[in-house]
Amino acid sequence: MKIKTRFAPSPTGYLHVGGARTALYSWLFARHHGGEFVLRIEDTDLERSTPEAIEAIMDGMNWLNLEWDEGPYFQTKRFERYNAVIDEMLEAGTAYKCYCSKERLEQLREEQMAKGEKPRYDGRCRHSHEHHDDDEPCVVRFANPQDGSVIFDDQIRGPIEFSNQELDDLIIRRTDGSPTYNFCVVVDDWDMEITHVIRGEDHINNTPRQINILKALNAPVPMYAHVSMINGDDGKKLSKRHGAVSVMQYRDDGYLPEALLNYLVRLGWSSGDQEIFTREEMIKLFSLGAVSKSASAFNTDKLLWLNHHYINTLAPEYVATHLQWHIEQENIDTRNGPQLAELVKLLGERCKTLKEMAQSCRYFYEDFSEFDADAAKKHLRPVARQPLEVVRDKLSAITDWSAENVHHAIQATADELEVGMGKVGMPLRVAVTGAGQSPALDVTVHAIGKTRSIERINKALGFIAERESQQ
């Protein structure tokens with residue numbers, strides 16, 4: 001049997017981390033078994049579905065590089081197929097037309113709730129032989145079995161049983177002729193030959209209804225696996241107050257897709273004590289049997305740690321391709337300065353996100369208008385004038401511009417003036433970067449370049465001279 005899974009989001013909002021984890025698990029399961037992964041857009045909610053949400057879902061899947069083998073399929077383009085199946089069910093007697101008014105259904109609901117009963121349709125039209133005109137408004141309901149039970153072996157949770165007496169006669173076509181979500185899902189899974197449905201635990205109650213419809217159609221029933229919810233680190237359902245919940249928001253915040261995927265795969269699944277997984281390792285090791293039944297807690301600090309790890313372990317050239325977007329967001333012109341791959345090497349240890357990296361690299365490419373006030377007050381004092389003059393001259397004399405030779409120039413200045421490296425290094429750092437913090441000074445000065453570094457030292461000397469004149 002060829003394994004076939006699907007990810008079927010509703011385009012009523014962005015791709016959130018819970019949906020992304022479900023997509024990842026479905027994708028990994030298919031890849032592990034050499035099967036196929038289908039992308040299906042469940043856009044039957046015409047009022048809430050938007051083109052922007054569809055685009056956001058596709059953007060998120062593409063950014064995570066969860067490539068699909070079929071699709072994307074859109075349910076709104078399959079209404080003719082759904083209605084044809086409903087008509088067949090009406091002919092076969094496995095579905096029936098219901099003419100009950102909203103007022104009657106509301107009254108029935110109130111009466112049942114007053115008795116402490118679970119609200120459900122009472123089957124009035126199922127057993128009615130009353131004649132109705134063809135143009136009289138009605139819905140179509142599925143004639144759910146009235147006895148027995150539905151048992152399915154959840155691939156994560158084990159056997160789950162529902163009594164058919166607990167299940168309603170589900171509406172499968174509305175009065176406007178549009179098919180409903182639960183019915184469309186069934187026909188799609190049947191037509192697309194889905195073998196394994198991996199989805200959130202909030203769909204468990206839909207499963208017995210969908211199984212009964214599949215059996216009524218004499219269609220094969222797929223295996224089901226329901227993944228637990230994701231909570232915030234406070235144990236409450238994950239929401240915006242816990243931080244970003246949109247996949248693309250994590251992109252915007254400077255996370256690498258490898259970091260988010262690695263974090264999401266471990267959010268409910270494990271393989272021993274291993275924490276870091278390449279995509280290939282995920283595919284090789286993933287199994288539904290190792291997915292936890294318990295809810296997972298989202299820990300932003302752990303994700304940040306993973307992101308920092310990947311910034312420093314993936315090829316700098318690759319990280320630079322993702323950094324480019326953030327550089328553009330900051331409107332930094334990188335034509336005059338180090339290559340972005342070199343920048344990744346320079347700032348990787350200091351920066352935990354690519355956004356942070358982009359926001360802290362401007363001095364490598366553009367001159368700054370003023371020095372950081374606190375850093376200048378502390379380090380650009382009259383006592384720093386001589387060290388800056390000497391190191392400027394030694395840097396000017398370098399013919400082979402390299403980080404090693406920059407280091408020698410700084411060390412030679414300290415030796416000549418018989419002062420500690422800090423007496424030379426800190427004023428020099430503020431002079432060339434405008435701030436009191438940077439990567440190692442030799443590689444920083446080298447990356448900024450000889451001409452620009454000397455110009456900035458002269459600017460700092462001018463700042464010191466002006467400061468002296470005001471005393």
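Every residue, even glycine, has its Cβ placed from backbone N, Cα and C.
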9-19, 119-129, 174-184, 196-206 - the range that Swiss-Prot marks as motif ''HIGH' region': 9-19
237-241, 392-396, 422-426 - the one Swiss-Prot records as motif ''KMSKS' region': 237-241
Listed in sequence order, residues not in Cys98, Cys100, Cys125, His127 with Cβ within 8 Å of the centre of the Zn(2+) site Cβ atoms: Tyr96, Lys97, Tyr99, Tyr121, Gly123, Arg124, Arg126, Ser128, Arg141
DSSP-assigned states of the motif ''HIGH' region' (9-19) in counts, ordered helix, strand, coil: 3 helix, 1 strand, 7 coil
Sequence-distant neighbours of Cys100 (Zn(2+) binding site) in its chain (C-beta under 8 A, six or more apart): Tyr121, Arg124, Cys125
